[in-house]
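Here's the structure, in structure tokens; my notes come after.
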Amino acid sequence: MIKSFFNSPSRTIAAAAVVLGAASLISRLLGLFRDRILAGRFGAGDELDIYYAAFRIPDMVYSLLVLGAVSAGFIPVFINYLQKDKKQTWSLANSVLNLMALSLIVVCALLIVLAPWLAKLVAPGFSSEKLSLTVQLTRVMFLSPFFLGLSAVFGGILQSFRRFLVYSLGPIMYNLGIIFGTLVLVDYFGLLGLAYGVVLGAFFHMLIQIPPAHFCGFRWRPVFDFRFSGVRRIFKLMPPRILSLALSQINFWLMTVFASFLAVGSIAVYNLAYNIWSFPLGVFGISFVLAAFPKLSQTAQKKNIIGFVKTFSLTLRQILFLTLPSAALFIVLREEIVRVILGVGRFSWPDTLLTFQTLAYFSIGLFAEALILLFLRGFFAWEDTKTPFLIGLLAMAFRLPVAWFLAQKMGVSGLALGFSFGSIFYLILLFIALRRKIAKKLRSFAPQFMKSEAPKNLDEKNIFLSGGKMILASGLAALAAYLSLQYLASLVDTATGLGLLFQGGLAGLFGLLIYLLCAWLFRLTELKLFLTSLFGRSLGKKYLEG
């Protein structure tokens, strides 16, 4: 029974997305509960500013070294070996795991020594006392990238084998560790207890990935083979991806720098709003991207251009189907959401006001940020990491000046609006580039299929047609939710958390029903696919079997 739980594969993209989405929902709810505890205990003041600033550098190391290797290189190359030679596959996995561990030990040890200088880079607007405590927390949290790095390799193995169920539990364990640190360890160690909670969560994130990787066939060996062709391929793909992730981290770091020069608590407000905004991003965006990536890689490895475009287009439309109404409802229900989640303890009304304004501006770019993740995986599936880096460089050059300009006019909410504008610009550039890439491959592979079978580049006709209907349906859903809010305001006590939850919950539910009704009236195929993924019916069978 235990082995069956650890070793059960998700047979379809939609089924995998449901598993990942459900686990992400639990993890994000825990994350919101974590933020509620943090907000109630510390408020949007110096303590949370210190915590979020200290968290930024270890998180950057994890994103650059770990995600750069796994997301861009390891999974496509691992899948390629898996289809050819199982023995070589496990040699590759061991080499990557051991090299990852060695690299993280060296890098994290060096950065622990350099922590005082790094803290000044992250938060130059901090006082000397705040910087000192930031350094202490940063040094403790540098243990987390090591555990998360090993976990990422095990997770890459599980994704390749479509073992999404246990893989999806890692973030839940991570959040439980941070919550334990907030509720228990802070009482013993002060603010350092938060850092210990992060490390504990990272350790359990790794621990839960090991048994299913073992059941897939992984056995640890002390292998450090730099000459292995698979390792060289991964290293070749890594530098552009690491640079792309560096751009993302530099972007977030500079947003933190900008916020450190604004009013006290701006870093905390920015991060709290970002965390709430990332809830639908994780549940509806990342879950489909992770579920589709192995299939995208598989079709690319086989040069199955038709299969690639169909999988990509259907996944893109499913993401839009879920993120567009989420963004619309987040904008309408922003005040109720923030007050219910964060409006406790030392989190004041001005803090709440700033946070829900910032959340609204983040929500504008929700669909774009979710699709960016899919487009990046589209390039990675073809083992192209250079193009996304160059596009990311151009997008950052646009986003940062816009965010800084808006921050001077609007405060911390201007940073969120600049972030959203940058995301939309980034998405447009990625769309143009991937469309050209696919058009070129369609011409190259033309003899392999009849012209009548070939999709038009990225299948943009269906994408734009469905997307237009979804935008209209989302607008009507937002209007319905807004009118419901006004009506319910006179019926419930909005001064209480329960009243706000009732008002916002009913308004959101009514808006959601209107959206689903519009989707049915507009005959959106994505509604059928969504219902199929939930209930396992025969609707959308071809996609589900993809």
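Positions of Cβ are set from backbone N, Cα and C atoms, glycine also.
Note that this is a predicted model, so its numbers are computed, not measured.
Over in TrEMBL, the protein carries these features:
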| type | residues | note |
| --- | --- | --- |
| TRANSMEM | 12-33 | transmembrane segment |
| TRANSMEM | 61-83 | transmembrane segment |
| TRANSMEM | 95-119 | transmembrane segment |
| TRANSMEM | 165-185 | transmembrane segment |
| TRANSMEM | 191-210 | transmembrane segment |
| TRANSMEM | 276-293 | transmembrane segment |
| TRANSMEM | 314-333 | transmembrane segment |
| TRANSMEM | 353-376 | transmembrane segment |
| TRANSMEM | 388-407 | transmembrane segment |
| TRANSMEM | 413-434 | transmembrane segment |
| TRANSMEM | 470-489 | transmembrane segment |
| TRANSMEM | 501-522 | transmembrane segment |
Quickly jot the same-chain residues contacting the transmembrane segment (353-376) by Cβ under 8 Å, restricted to those at least six beyond its ends, or write none. 44, 71, 244, 265-266, 269-270, 272-274, 276-277, 280-281, 284-286, 288-289, 292, 312, 315-316, 319-320, 323-324, 326-327, 330-331, 334-335, 337-339, 342, 388, 411-417, 419-424, 426-427, 430-431, 434
At a C-beta cut-off of under 8 Å, are there same-chain residues at least 6 beyond the transmembrane segment (165-185) that contact it? List them, or none. 5-6, 8, 10, 19-20, 22-24, 26-27, 30-31, 33-34, 37-38, 41, 151, 155, 158-159, 192-209, 211-212
Using a cut-off of under 8 Å between C-beta atoms, tell me which stretch among 95-119, 191-210, 314-333, 470-489 contacts the transmembrane segment (12-33) the most. 314-333
At a threshold of under 8 Å on Cβ distances, which of 95-119, 191-210, 413-434, 470-489, 501-522 pairs most often with the transmembrane segment (314-333)? 470-489
